[in-house]
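**Q** To start, I am sharing the structure in question, which I have written as structure tokens.
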């Protein structure tokens, strides 16, 4: 029988609450750095936790807590197609987009879901080949050179993170066949800026909306249609691809578009980058070969996440450490720093992934909980952020745990030697220096120059940021968030918190504000400029 208890009801969490953090200054040795290291997918992508404030005693309690909370058994429920998203009575099938690990998952209409995702994937590959070969051309007979994805939230953040992570790698390996762009915000300046910067005659547009009725996406789609028409493109649907649910408004009512690819309601937007939501654009921009490597990395990491041993399961251990830091040590945020310009959009995806998933105040049974849930997720790119907010991280009054991400080699393989070292060596040296500085600090009798240290961090690293590596890292964070949700006893797969604002916005747009003085007053100031 699987145990669904609140975090503070678990006996091993009560034990964990009494355990002090490890003192990093005294234990951070070469031996520890070597031993406190796990491969995320069993091969070349590593998670190192030597600079976390834990020791063997913590690890023992983590193991007992994981076993008590049945974390691996709950993961297996997801893989086997149980309706884990209980508030919406849905399965959670994003793992199935990159390979089958559990039992056959059969939907109510008798459809095998792995076969559904695989057939969509083959359709994506075939469509990309037709575009690349020039067999499918624009409305005016031009070969497509650009792709613009229009969507918001998970229809933009994850795909954009993967696109920017892989773009330079694809260029170096002659696999960058089209240029990718994104429009997400309802601010018309964004649509205008993107559309005015490209040749529309040579651009394919991907419209992503699960329901087919997303406010921002509908508005931006209409902006696009107007732009296409004003450029003399009457058959504008020949340049538009739709990604949506099979039974959505877009699928049922809007016909004649170049192609339709289908999502499934068992996958929330923030977990959708390895579905059609992310893969259509990636296959068009970077080819089938790149997509297959992303899926391979994610699938291998998914499989390794089944390991019951917390010392050999990176996302499971990362989740347990996160709970310890949030609910015992009271650290309220987590900073993601990638020492790779290509990953500049990745922490933005992780913000949504973690905060939308676990930013809840009721448990899976709709009961109010009395312990902390998700941390604030934020971040940036090294070394840039060393010259902005690292002052606060080093000497501020709040301790902020960090995830560092780094790679041994660059993607474009171009560099320069200055002051007897390459720029890439300088980049890596700064990454190492920050981990040590945060962990050990440096005493100084001048309080203004004193560094206390004891700022914990983890390091994810690999030889190079490849499609395989980014797939593995994506899976790591998805599964970490999942395990955190299990520990917190919340439903990580719904997002009721986004609904109220949508409802009020529609009310304001309909001028239905007279019953609320605050809404009416703000409307006069901002909308009507009274």
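Along the chain as shown, the residues are counted starting at 1.
Placed from the backbone N, Cα and C atoms, the Cβ positions cover glycine too.
Summarising the annotation, Swiss-Prot assigns active site, proton donor to 356 and lists sequence analysis as the type of evidence. Sequence annotations record features per position, and here Swiss-Prot assigns active site to 387, 502 based on sequence analysis.
Can you tell me where each of these features sits in this structure?
**A** Residues near residue 356 (active site, proton donor) in space but far in sequence (CB under 8 A, at least 6 apart, same chain), listed by position: 270, 495, 497, 498. In the three-state DSSP assignment, the secondary structure recorded for residue 356 (active site, proton donor) is helix.
All protein chains included, residue 387 (active site) registers 8 other Cβ atoms within 10 Å of its own Cβ.
For residue 502 (active site), the same-chain residues 6+ apart in sequence whose C-beta sits under 8 angstroms from its C-beta are 215.
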**Q** Can you tell me the three-state DSSP label for residue 502 (active site)?
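**A** DSSP assigns residue 502 (active site) to helix.
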